[in-house]
Amino acid sequence: MAPAALWVALVVELQLWATGHTVPAKVVLTPYKPEPGNQCQISQEYYDKKAQMCCAKCPPGQYAKHFCNKTSDTVCADCAAGMFTQVWNHLHTCLSCSSSCSDDQVETHNCTKKQNRVCACNADSYCALKLHSGNCRQCMKLSKCGPGFGVARSRTSNGNVICSACAPGTFSDTTSSTDVCRPHRICSILAIPGNASTDAVCASESPTPSAVPRTIYVSQPEPTRSQPMDQEPGPSQTPHIPVSLGSTPIIEPSITGGISLPIGLIVGLTTLGLLMLGLANCFILVQRKKKPSCLQRETMVPHLPDDKSQDAIGLEQQHLLTTAPSSSSSSLESSASAGDRRAPPGGHPQARVTAEAQGSQEACAGSRSSDSSHGSHGTHVNVTCIVNVCSSSDHSSQCSSQASTTVGDPDANPSGSPKDEQVPFSQEECPSQSQWETTETLQNHDKPFPLGVPDVGMKPNQPGWYDQIAVKVP
């Protein structure tokens, strides 16, 4: 068999030689000069410009230790540790392997003479900056999709994730860079519908299910209807229907009395306000009743000299006889005699003023005494009184005790009348009179006294004008 094969090979070579194309049996490493316009025959050769010859390249894991020349071919050598050559080359040195992988990277290929070290990002990171060699220079954390969002598509090699909102009927309740939106739970009885971030809740599910049957009472109000008047109300008009429940729990609504609390508070405050208002009105009415119905004020009578006071007494008697002929002469005489007795030794007219002031104490009770005296027999005289004010409680009692009745029966005993009593003028003056009022009285000594309504026609220079101030007979 072997000689036959050799003969076949020889025949083929002869035919090729005859045609002018010769093919060497093996590749010759010796350099050769390429034909003009032609390149080196194979890719494992390179053209050396210095030698102008085609020379062989070094295989992966080796480098060109010596370059070729016209007589010798390229001499190759293996790469040292930590260095490599990955392709056919004619480098004068090997390439260094990449540095060790960082903490966020993982080494996928070790450094060898024929291959560089390869680092890839961790599962929770992606390559943000990739080199031409395929290694990743910088890794970053993957984006995380929050609740309501899910990963739109799976992450590509060294790529970041893309988040998208969950479509209707799906949800995502986690924060993750890998979870996608999941469909809602399908319930026969839906208790709580789901949304983009929560799943649906079925009515048959409960956090603490109870398998023990129990009985509850459901209150149902009766329909409105007319009832007889003699029906006595029972303790409760609402029937209770017992309902037996199985293992399925239900939510029992609790009725609280939260509405009754504000109503009771409002009613209580309203009642308290009305009570306070009533007490205030009662206090005002009591204060109004305590006020006196008649305010007394001491009349300031101008001081007259002695001669004028004597003339005034005489003119008063004459005027009373002239204007009131029907009056009793005995009452006028008693009035005149009382005025003479009460006059001081020096003839000072202050005694007359005191007598007139004493008679004026009955201003408040004058109307009652006059009305009561109409039923009695005798002659009555209506007297216009000048009020004397006593502010103090002690002096008011004193002043009232000194008052004399000017309306009465003229036939009464004159000895029992208070006119016979000698009362000093100092006791008739009220201590409540202010200093200003005293000064005002002294200043009005020579001024005319203001006249009343019946005295408008009488002038101060007419006789008897002063007497009408004390007593006026209609």
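In case you wondered, yes, glycine gets a Cβ from its N, Cα and C as well.
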Candidates CYS97, CYS101, CYS121 - disulfide partner of CYS111 as recorded in Swiss-Prot: CYS97
Among CYS101, CYS127, cysteine joined to CYS121 by disulfide in Swiss-Prot: CYS127
Listed residues ASN110, ASN382, with the one flagged N-linked glycosylation site by Swiss-Prot: ASN110
Per Swiss-Prot, the disulfide partner of CYS55, chosen from CYS40, CYS68: CYS68
As recorded in Swiss-Prot, which of CYS76, CYS94 forms the disulphide with CYS79: CYS94
Member of CYS54, CYS58 annotated by Swiss-Prot as disulfide partner of CYS40: CYS54
From CYS54, CYS58, CYS145: disulfide-bonded residues whose CA lies within 10 A of CYS163 (disulfide bond): CYS145
Within the repeat 'TNFR-Cys 4' (165-203), residues counted as helix, strand or coil by DSSP: 0 helix, 11 strand, 28 coil
Recorded positions clustered about CYS166 (disulfide bond) [Cα within 10 Å; pool: CYS54, CYS58, CYS76, CYS101, ASN110, CYS136]: none
Glycosylation sites compared (ASN69, ASN110, ASN195) - the one with the fewest other Cβ atoms within 10 Å: ASN110
Other CB atoms, at most 10 A from the CB of CYS58 (disulfide bond): 23
